[in-house]
Amino acid sequence: MVLSAADKGNVKAAWGKVGGHAAEYGAEALERMFLSFPTTKTYFPHFDLSHGSAQVKGHGAKVAAALTKAVEHLDDLPGALSELSDLHAHKLRVDPVNFKLLSHSLLVTLASHLPSDFTPAVHASLDKFLANVSTVLTSKYR
(Lines of atoms letter the chains of each structure in order from A and count residues from 1; the text may use other names and numbers.)
(Lines give C-alpha, C1' and ligand atoms only; values in the text may rest on other atoms or scores of the structure.)
Protein backbone atom coordinates (compact mmCIF):
# COMPACT_ATOMS: atom_id res chain seq x y z
CA MET A 1 0.00 0.00 0.00
CA VAL A 2 1.62 3.22 -1.16
CA LEU A 3 1.61 6.19 1.16
CA SER A 4 0.65 9.39 -0.63
CA ALA A 5 2.31 12.70 0.15
CA ALA A 6 -0.75 13.56 2.25
CA ASP A 7 -0.45 10.25 4.13
CA LYS A 8 3.21 10.89 4.85
CA GLY A 9 2.40 14.37 6.11
CA ASN A 10 -0.37 13.01 8.33
CA VAL A 11 1.87 10.29 9.76
CA LYS A 12 4.72 12.70 10.49
CA ALA A 13 2.37 15.24 12.06
CA ALA A 14 0.60 12.65 14.21
CA TRP A 15 3.86 11.08 15.36
CA GLY A 16 5.17 14.55 16.10
CA LYS A 17 2.20 15.05 18.45
CA VAL A 18 3.13 11.80 20.22
CA GLY A 19 6.49 13.40 21.00
CA GLY A 20 7.99 12.39 24.32
CA HIS A 21 5.09 10.04 25.05
CA ALA A 22 6.11 7.46 22.43
CA ALA A 23 7.49 4.90 24.89
CA GLU A 24 4.50 5.38 27.20
CA TYR A 25 2.03 4.92 24.33
CA GLY A 26 3.98 1.91 23.08
CA ALA A 27 3.69 0.24 26.47
CA GLU A 28 0.01 1.13 26.70
CA ALA A 29 -0.62 -0.37 23.26
CA LEU A 30 1.13 -3.58 24.32
CA GLU A 31 -0.97 -3.78 27.50
CA ARG A 32 -4.10 -3.16 25.44
CA MET A 33 -3.09 -5.91 23.01
CA PHE A 34 -2.39 -8.40 25.81
CA LEU A 35 -5.78 -7.68 27.39
CA SER A 36 -7.77 -7.68 24.14
CA PHE A 37 -5.94 -10.55 22.45
CA PRO A 38 -4.65 -12.86 25.23
CA THR A 39 -3.02 -15.30 22.80
CA THR A 40 -0.38 -12.64 22.08
CA LYS A 41 0.99 -13.22 25.58
CA THR A 42 2.52 -16.53 24.42
CA TYR A 43 5.44 -14.65 22.87
CA PHE A 44 6.34 -13.13 26.23
CA PRO A 45 6.40 -16.08 28.68
CA HIS A 46 9.34 -14.58 30.57
CA PHE A 47 7.70 -11.14 31.00
CA ASP A 48 5.78 -9.77 33.93
CA LEU A 49 2.72 -8.68 31.96
CA SER A 50 1.01 -6.85 34.81
CA HIS A 51 -0.02 -3.22 34.44
CA GLY A 52 2.99 -0.92 34.62
CA SER A 53 5.57 -3.71 34.53
CA ALA A 54 9.11 -2.61 33.74
CA GLN A 55 9.37 -5.31 31.07
CA VAL A 56 6.25 -4.13 29.24
CA LYS A 57 7.46 -0.53 29.50
CA GLY A 58 10.84 -1.57 28.13
CA HIS A 59 9.35 -3.42 25.19
CA GLY A 60 6.92 -0.55 24.60
CA ALA A 61 9.94 1.74 24.32
CA LYS A 62 11.45 -0.62 21.72
CA VAL A 63 8.21 -0.63 19.72
CA ALA A 64 8.08 3.16 19.88
CA ALA A 65 11.72 3.49 18.81
CA ALA A 66 11.11 1.22 15.82
CA LEU A 67 8.05 3.23 14.81
CA THR A 68 9.97 6.49 15.21
CA LYS A 69 12.67 5.09 12.93
CA ALA A 70 10.00 4.05 10.44
CA VAL A 71 8.45 7.54 10.48
CA GLU A 72 11.90 9.00 9.82
CA HIS A 73 12.37 6.65 6.84
CA LEU A 74 8.93 6.56 5.22
CA ASP A 75 10.50 6.28 1.77
CA ASP A 76 12.67 3.27 2.73
CA LEU A 77 10.83 1.18 5.30
CA PRO A 78 12.45 -2.09 4.12
CA GLY A 79 15.93 -0.66 4.61
CA ALA A 80 15.11 0.97 7.93
CA LEU A 81 13.43 -2.12 9.40
CA SER A 82 15.54 -4.88 7.82
CA GLU A 83 17.24 -6.00 11.05
CA LEU A 84 13.95 -5.96 12.95
CA SER A 85 12.34 -8.00 10.18
CA ASP A 86 15.14 -10.58 10.43
CA LEU A 87 14.76 -10.76 14.20
CA HIS A 88 11.00 -11.33 14.13
CA ALA A 89 11.09 -13.80 11.21
CA HIS A 90 14.13 -15.91 12.03
CA LYS A 91 14.74 -15.71 15.76
CA LEU A 92 11.47 -14.77 17.46
CA ARG A 93 9.19 -16.39 14.84
CA VAL A 94 6.27 -14.16 15.67
CA ASP A 95 3.02 -15.08 13.91
CA PRO A 96 2.41 -12.29 11.37
CA VAL A 97 -1.18 -11.78 12.55
CA ASN A 98 0.20 -10.31 15.77
CA PHE A 99 1.48 -7.25 13.92
CA LYS A 100 -2.10 -6.47 12.87
CA LEU A 101 -3.27 -6.88 16.45
CA LEU A 102 -0.58 -4.54 17.75
CA SER A 103 -1.35 -2.06 14.96
CA HIS A 104 -5.00 -2.02 15.99
CA SER A 105 -4.01 -1.52 19.63
CA LEU A 106 -1.70 1.33 18.65
CA LEU A 107 -4.47 3.04 16.69
CA VAL A 108 -6.84 2.81 19.66
CA THR A 109 -4.14 4.13 21.99
CA LEU A 110 -3.33 7.07 19.71
CA ALA A 111 -7.01 7.87 19.23
CA SER A 112 -7.56 7.93 22.98
CA HIS A 113 -4.63 10.29 23.60
CA LEU A 114 -4.95 12.52 20.55
CA PRO A 115 -8.73 12.79 20.02
CA SER A 116 -8.75 16.21 18.35
CA ASP A 117 -5.88 15.27 16.03
CA PHE A 118 -7.18 11.80 15.17
CA THR A 119 -9.32 12.79 12.20
CA PRO A 120 -10.61 10.20 9.73
CA ALA A 121 -7.82 11.19 7.32
CA VAL A 122 -5.14 10.82 9.99
CA HIS A 123 -6.66 7.50 11.07
CA ALA A 124 -6.55 6.22 7.49
CA SER A 125 -2.96 7.41 7.00
CA LEU A 126 -1.76 5.83 10.25
CA ASP A 127 -3.57 2.60 9.38
CA LYS A 128 -1.83 2.49 5.99
CA PHE A 129 1.52 3.29 7.62
CA LEU A 130 1.15 0.53 10.21
CA ALA A 131 0.03 -1.91 7.50
CA ASN A 132 3.20 -1.05 5.56
CA VAL A 133 5.34 -1.54 8.66
CA SER A 134 3.64 -4.91 9.26
CA THR A 135 4.25 -5.94 5.65
CA VAL A 136 7.94 -5.09 5.95
CA LEU A 137 8.27 -6.93 9.26
CA THR A 138 6.72 -10.07 7.75
CA SER A 139 8.49 -9.85 4.38
CA LYS A 140 11.29 -12.21 5.39
CA TYR A 141 8.92 -14.96 6.47
CA ARG A 142 8.65 -16.09 2.86
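Using the three backbone atoms N, Cα and C, a Cβ is placed for every residue, glycine included.
Per Swiss-Prot, these features apply:
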{"type": "BINDING", "residues": "HIS59", "note": "O2 binding site"}
{"type": "BINDING", "residues": "HIS88", "note": "heme b binding site"}
{"type": "DOMAIN", "residues": "2-142", "note": "domain 'Globin'"}
{"type": "MOD_RES", "residues": "SER4", "note": "phosphoserine"}
{"type": "MOD_RES", "residues": "TYR25", "note": "phosphotyrosine"}
{"type": "MOD_RES", "residues": "SER36", "note": "phosphoserine"}
{"type": "MOD_RES", "residues": "SER50", "note": "phosphoserine"}
{"type": "MOD_RES", "residues": "SER103", "note": "phosphoserine"}
{"type": "MOD_RES", "residues": "SER125", "note": "phosphoserine"}
{"type": "MOD_RES", "residues": "SER139", "note": "phosphoserine"}
Coarse DSSP state, helix versus strand versus coil, of SER50 (phosphoserine): coil
Surrounding CB atoms that lie within 10 Å of the CB of SER50 (phosphoserine), all protein chains: 10
SER139 (phosphoserine) sits from the residue listed as 'phosphotyrosine' (Cα to Cα, rounded, in Å) at a distance of 26
Nonlocal residues around the residue listed as 'O2 binding site', in sequence order (Cβ under 8 Å, 6 or more apart): GLY26, ALA27, LEU30, PHE44, PHE47
If you draw a 10 Å sphere on the Cβ of TYR25 (phosphotyrosine), how many other Cβ atoms land inside? 21
Averaged pLDDT score, the domain 'Globin' (2-142): 94
